[in-house]
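Step one of this worksheet: look at the structure below.
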């Protein structure tokens with residue numbers, strides 16, 4: 001048996017020698033052809049390198065590296081010596097020469113490191129290296145550096161310094177650095193790789209640590225990467241966490257990406273998992289999301305099983321010390337497994353709720369939003385989430401969110417359709433309830449509402465006022481026919497005495513309600529505005545797209561209904577958005593800014609009103625004048641509405657009452673025209689802006705004249721376009737809205753569209769003098785009061801006597817304003833004083849003079865037609881200015 005093996009070995013050796021001899025002959029022929037070639041040196045060198053590689057591959061294919069490494073080593077030794085001898089005739093300009101020398105050295109070094117080499121073959125290798133170095137030119141000698149370093153020792157792994165490093169003998173730093181400089185980074189990487197391939201991770205870690213600490217190799221990240229991989233494979237968790245505590249996670253992310261690009265996904269997963277565990281144990285969120293995301297992707301590639309993925313996520317969640325890490329795990333589970341991983345996500349949410357107990361409210365609110373997204377169809381869970389968010393931050397917005405979900409119809413619970421087990425759902429609800437100051441399980445909305453309003457403090461008054469306004473609106477609407485019929489059927493069986501008592505009580509209640517309304521009306525006429533009405537004024541919002549009013553942030557929910565062709569439109573400024581996430585903050589910002597500005601204006605107006613009252617009381621003590629109450633700034637909006645029919649002089653406090661009255665005129669032309677306009681809602685067909693009066697719309701349409709009717713109203717911007725689409729695209733270029741009032745004599749600038757529209761509408765709120773034979777039209781109450789003072793001055797005998805005693809002072813009657821012109825429009829809406837009704841009666845009894853000093857003839861009272869246009873206002877402004885300069889009596893009255 002032994003003889004047969006010896007014979008086989010001898011035959012193999014003879015076969016190897018024959019192949020080596022044949023290789024030597026072939027390579028010698030190539031060298032001779034190179035030497036005798038008449039072509040250029042570069043071309044000859046390129047052809048020789050190509051043929052050399054072909055011959056080498058032909059002979060190397062006769063053995064396998066993992067079966068017969070020693071014959072291949074002899075082959076590469078012979079090829080290296082032959083190529084080194086041929087370099088005498090190769091051109092240095094040929095880059096292929098350096099590349100082939102480097103590959104020959106790398107292949108030989110790999111074969112030397114892979115297996116122990118017999119002594120005779122090792123000596124032959126050493127002599128071949130010396131021979132090759134002698135033939136090589138100086139520029140090519142560094143390519144054989146690895147072989148030269150290996151040839152200096154008695155074996156590939158027998159170096160004294162290397163053995164001390166691998167055996168933890170702690171050699172001197174000078175010896176280590178000299179050894180590393182001799183070997184070079186390429187050979188050292190080969191050594192570390194073969195140690196890891198042989199599962200010698202401890203030795204690989206020791207050598208990689210020395211290489212990573214070497215100053216000359218600081219740019220080579222592969223040594224640090226190998227060192228960390230070896231630690232992750234060998235060290236226990238506690239020691240591993242201590243050794244990697246100073247490594248930056250950003251460097252680790254780059255290492256993981258490098259390993260993934262090299263298709264070493266298991267090594268990348270091991271490194272990523274170790275550092276993710278470190279971040280979880282330390283409670284550090286630095287790069288935690290990136291590590292979690294990479295870890296989940298690598299784990300799904302290495303272990304496609306969903307159950308393995310969920311088990312590993314559970315293990316990491318138990319190590320988590322912050323809510324953020326748990327939320328990261330929930331996000332990757334939901335992204336990878338969808339509904340299959342939903343129970344595990346709910347388990348983690350329960351763990352996060354317990355972890356966030358007694359901590360900051362932001363983490364709890366985030367958990368509530370996460371649970372709502374995971375279980376969007378479970379009404380009871382959504383109620384618990386919304387109530388928890390309200391208890392964390394009891395604001396008006398969170399209150400109305402709670403009101404929405406609690407007023408929704410109750411949901412029938414069907415266990416077979418639940419996405420999570422029923423027991424897990426109960427644990428989730430219990431985790432929410434442990435943080436509540438009360439348990440509303442058996443409460444109705446009214447009981448829960450009382451407790452919520454107590455927690456809101458001062459903001460509860462806003463909610464109460466808005467709810468009262470909504471209740472008042474709902475009470476004005478007619479009841480359903482079914483309820484009325486049911487009430488009639490119920491009344492048929494009542495006792496006559498009960499019916500009489502009920503009727504008496506109803507009449508008393510109606511009388512009390514009318515008396516209450518009369519008192520409120522008197523208070524409003526005196527300038528009193530209730531807190532409820534002020535809250536309505538401050539928080540009411542108007543949707544320009546559907547002509548509806550909303551209180552507070554309810555318009556935010558309404559804005560989501562304006563979704564056409566995949567585009568959301570803002571109900572306040574009509575800006576378009578591609579997603580709901582962009583629309584909701586935009587509309588909420590509108591509401592916040594408008595409410596803030598309106599509340600500030602209300603406070604300012606109340607301060608001005610109190611100052612005006614004080615000024616009037618002081619002036620009344622010095623002069624014998626009629627005391628007049630101060631009117632609120634909003635009183636001009638509450639003026640009586642006059643019936644538009646010429647022959648009808650009825651007035652109404654509310655516009656809807658006046659509209660109902662106009663319908664009683666039947667086929668009257670003016671009434672029919674008025675109702676037709678109201679049905680069309682007075683909307684500009686260019687910009688879709690709505691107007692209170694037809695005159696305002698007519699003046700506004702003058703802006704849309706010309707070939708490019710779509711005008712940008714931005715201050716100092718004169719752009720115009722052919723279509724509304726171009727205008728909307730242009731508006732986005734303006735960072736913020738800023739526009740000027742269209743009236744030249746006003747010129748106020750506004751930063752919100754609704755403020756500009758409200759202000760311009762007040763310019764068209766006209767007031768008519770009620771004195772017979774006068775009937776002048778004014779745009780503000782202050783101008784009407786000033787005009788009525790002129791009537792009183794003319795007919796007051798005390799004033800006449802004073803004028804007769806002072807002949808030097810010339811008094812002229814007030815300047816008469818023609819009916820076809822308008823007075824100058826003020827820049828602000830003045831809260832002017834009101835005359836008592838006695839003053840109007842007195843003025844009506846006195847006849848008006850037939851002519852005035854300026855030669856203008858007064859006209860008889862009758863239907864008045866006024867043309868509202870910018871041109872007339874301009875002319876009126878100039879004429880009034882000139883008249884005021886020439887009329888000293890006007891100056892005296894104005895003073």
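Quick reminder: no glycine exception, Cβ is built from N, Cα and C everywhere.
Nobody curates TrEMBL annotations by hand; they come from automatic prediction.
Record features, source TrEMBL:
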type	residues	note
COMPBIAS	848-861	compositional bias 'Polar residues'
DOMAIN	568-595	domain 'C2H2-type'
DOMAIN	641-670	domain 'C2H2-type'
DOMAIN	682-709	domain 'C2H2-type'
DOMAIN	710-739	domain 'C2H2-type'
DOMAIN	767-796	domain 'C2H2-type'
REGION	467-494	region 'Disordered'
REGION	795-822	region 'Disordered'
REGION	835-861	region 'Disordered'
REGION	875-895	region 'Disordered'
Legend entry - Helix, strand and coil totals (DSSP H, G, I; E, B; other) for the domain 'C2H2-type' (710-739): 8 helix, 6 strand, 16 coil
Legend entry - Chain residues in Cβ proximity to the domain 'C2H2-type' (710-739) (below 8 Å; excluding those fewer than six residues from its ends, i.e. six or more beyond): 573-576, 686-687, 703-704, 749-753, 756
Inset, instruction - Sort the residues of the domain 'C2H2-type' (641-670) into helix, strand and coil with DSSP and give the three counts. - result: 11 helix, 4 strand, 15 coil
Inset, instruction - Determine how many residues of the domain 'C2H2-type' (568-595) DSSP places in helix, in strand and in coil. - result: 16 helix, 4 strand, 8 coil
